[in-house]
Amino acid sequence: MHTGVRTVWWSVGLSVLLVAVVLASATIGPVAIDPVTVAKATLNAVAIPVGVSVSVESASAFGASVPVPVPDLSYYYPLSLSVPTTAEIIVRQVRLPRIALAAVVGFSLASAGAVMQGFFRNPMADPSIIGVSSGAAVGAVATIAFPLAIPFGLQTAAFVGALVAAFGVYAIASEGGRTPVATLLLAGVAVQTLLGAAVSYMLLQAGQSLREAVYWLMGQLSGSSWAEVEVTLPLALLAFGVLYAYARDLNVLLLGETDAHTLGIEVERTKRILLAVSSVITAAAVSVAGVIGFVGLIVPHVMRLLVGPDHRILLPTSALAGAAFLVAADTFARAGPAEVPVGIVTAALGAPFFLYLLRNREVHAL
Amino acid sequence: MIEVEDLTVARGGVTVFEGVSLTVDEDEFVALVGPNGAGKTTLLQAINGVLEPESGTVEIDGRRVIDCSARERGRLVATVPQDTHVGFDFSVEDIVAMGRTPYHTRFGRSDREADDRAVRRALDRTDTARFADRPVDEVSGGERQRVLLARALAQDTPALLLDEPTASLDVNHQVETLSLVSDLGASGKAALAAIHDLDLAARFCDRIVLLADGRVLANGPPAEVLDAPALGAAFDADAAVTTHPTTGTPSVTALGERRDRDLTVHVVGTGRTAARVIARLHDAGATVTAGPLPEGDLAAETARARDLETVTAPAFGSLGPAVRDRVSTLRDAATALVAADPPAADGIAAVLDARLPVVTVDGARPADSGSADRTAPNRPEQMIRVASPADVLEAVVTVAPERELPADD
């Protein structure tokens, strides 16, 4: 089918772009490593999960010890090309985890952004429009500012905060089984403002840890580990799969809820699923990377201009383009003499580009 | 096919209509007419399941709509919405293909051939195939309306609902669209359309359902439903129903909304001019009395049809004392007198010589002819002469300013 063929070609093209950006990014860093070695080391890092073993570890929460099942993946590495050990370690343990995490976060934010813009039929919608980022910020800043009061790790706190905020907004906006989109939008704005106040207050009280908190709020990927990729990647892929399964429904929802209803869509149920899954995927991204703006806003916009509004092609291309964009932006963030939070780079690149689109009347409506 | 039984629907806690029952058989094209706010759209949305009724049932093809899943509903009833704005640059074909949504399963393979066939057929039938590749936002409003009709046809449902399908169309496309829908009836669909234009409804629909004041006021063949009293009651306006000279179907002319005025006018006159003066003043909400009017004259017929207090006299005769008395009583109760080509009868001068502001309407003569003035009351500041019955209201209000009635609604 027409759309199917176009989707495949665009996806293949953007995947090639993503790989190219990943390799280029892995070549850049304080230690000069030649591209061939980088490529070899990267290929060596390609892993195929072959088995899962579950071990039970005890985690402490609220002072009590709770047994938590932890899945352990075992991997098969199909390639072992000969690469100098130092280069291999730098590429595999320092650069690649960060690049991979950037790709996963960009992938997640852009696909959630595409879904939210379609869902709200609003070009200014982004993944955190229903308070996900603000909720994550409250969780994260609370952990940073008052490390003793919060019994979870930073990422868990951010993730939980994000979901609580999103669910709160949803619950406030729902009445009698219906969730009007306009109410949701306004409730989201109000809750974001409220949580923003909470974050500001905690920053004032943060003292020594102020700098760390601010860094988190600006969005940063330094110190990323494979462990974070292992958690977020499956979640992102799974969530993306669900969203993609609803691509047609999203198209029909663009016609308005009444029309969607008469075309056989369970409107409220579909909205709930789309909101929940987008919130989870955004929460996962924000909790490992902090608040990275504009990826979820700009990337789906640009892709919509390029491939059109059909979510069957818009969703996968936005996700891949988001991954490539964030890897590139993070490379800029760490390539300079002093590292800057990647959120600054995405905003600095994204906002002018968005204004350019606005001035050219490309972005007048969805 | 579509069976609505004792349906009551409320919106925001306010009952829109109550106890509405109607059926639309297959092969039938039924028009739903009624004033704005009568609940036409609400009724359509209760039938297609967008709104849940307070009580009553809707069955389509023997199945209760409320018990169906959204997908099943999408295969039972298709709706052409009133608002045709799409706002995304989907192609026309994409939009029509969305009509196949109720036939898709999320993960399983859909019958692509059936989809393509249905979409192709819908595009052809609505004459939209020629711009199938264009973005839907770049086609005209009329074309977009047909695209949405095509989308509904692609749904391949036994029942079709249309909400003001001709509202954004030019005359030509209105006729085309409605004849297409009426042809669909012949292919076994039951079609129910909210239609604003009563003439079009009468011309293309098998039946008309008149919805007003929260209930069905009339339901039957166009000629039966479109009679003046029912329409007048429903639309709160005077309507004239005639037979259209070329199509032979009933044609409705709205004569305007009646507003009660604190204005009592007595009309003396003959023929077409007086008839139009009476109609004009009465439509505008004035209390009109008339006399003497020649028996059998058009003016007398008009006054009688409107149930006005009227005094008639034999044409060309002189006015007897009884007639003159009754005329004087009516005239003295009026705030203005209109002489519209007054009859040439003995004693008419006495009737016209009243202590009232007078408006003279000379249908036969131009206003500035300056010929002999039979009315000749010696109060020129209270006398206006106009040439056309169309101007009579303005003239009357000028010579006899009315007091606005306090609005009572």
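Here the Cβ of each residue, glycine as well, is placed from N, Cα and C on the backbone.
Residues or ranges marked as transmembrane segment by TrEMBL: A:12-33 (among others). Here the transmembrane segment (A:12-33) has Cβ contacts under 8 Å with residues 39, 41-42, 86-87, 90-91, 94-96, 99, 103, 317, 320-321, 323-324, 327-328, 330-331, 334-335 of the same chain, all six or more residues outside its ends.
Listed as Cβ neighbours of the transmembrane segment (A:99-120) (distance under 8 Å, sequence separation of 6 or more from its ends, same chain) are residues 18, 22, 25-26, 126-127, 129, 181, 184-185, 221, 224, 226, 228-229, 232-233, 236, 239-240, 243, 250-251, 253-254, 271, 274-275, 277-279, 281-282, 284-285, 288-289, 292, 295-297, 299-301, 303-304, 309, 311, 314-315, 318-327, 329-330, 342, 366. TrEMBL lists A:99-120 (among others) with the feature transmembrane segment.
The transmembrane segment annotation in TrEMBL covers A:132-150 (among others). Under 8 Å from some Cβ of the transmembrane segment (A:132-150) lie the Cβ atoms of residues 157-166, 168, 191-192, 195-196, 198-199, 202-203, 205-207, 209, 212-213, 216-217, 279, 282-283, 286-287, 290-291, all in the same chain and six or more residues away from its ends.
Summarising the annotation, TrEMBL assigns transmembrane segment to A:157-173 (among others). Below 8 angstroms of C-beta separation, residues 130-140, 142-143, 150, 179-180, 183-184, 186-188, 191, 195, 272, 275, 279-280, 282-284, 286-287 of the same chain, each at least six residues beyond the ends of the transmembrane segment (A:157-173), sit close to that stretch.
Using a Cβ-Cβ cut-off under 8 Å and counting only residues 6 or more beyond its ends in the same chain, the transmembrane segment (A:185-204) has close neighbours at 120, 122, 125, 128-131, 133-135, 137-138, 141-142, 145-146, 165, 168-169, 172-173, 210, 213-214, 217. Sequence annotations record features per position, and here TrEMBL assigns transmembrane segment to A:185-204 (among others).
Annotation comment: TrEMBL describes A:225-247 (among others) as transmembrane segment. Using a Cβ-Cβ cut-off under 8 Å and counting only residues 6 or more beyond its ends in the same chain, the transmembrane segment (A:225-247) has close neighbours at 73, 97, 100-101, 104-105, 107-108, 111-112, 115, 155, 270, 273-274, 277-278, 280-281, 284-285, 288, 310-312, 314-316, 319.
Per TrEMBL, transmembrane segment is recorded for A:273-299 (among others). If you look at the transmembrane segment (A:273-299), the same-chain residues 6 or more away from its ends with a CB under 8 A from one of its CBs are 101-102, 104-106, 108-116, 119, 124-128, 130, 132-133, 135-137, 139-140, 154-156, 158-159, 162-163, 166-167, 170, 215-221, 224, 228, 231-232, 235-236, 239-240, 242-243, 246, 250, 318, 321-322, 325-326, 329, 341-343, 346-347, 349-351, 353-354.
Summarising the annotation, TrEMBL assigns transmembrane segment to A:340-358 (among others).
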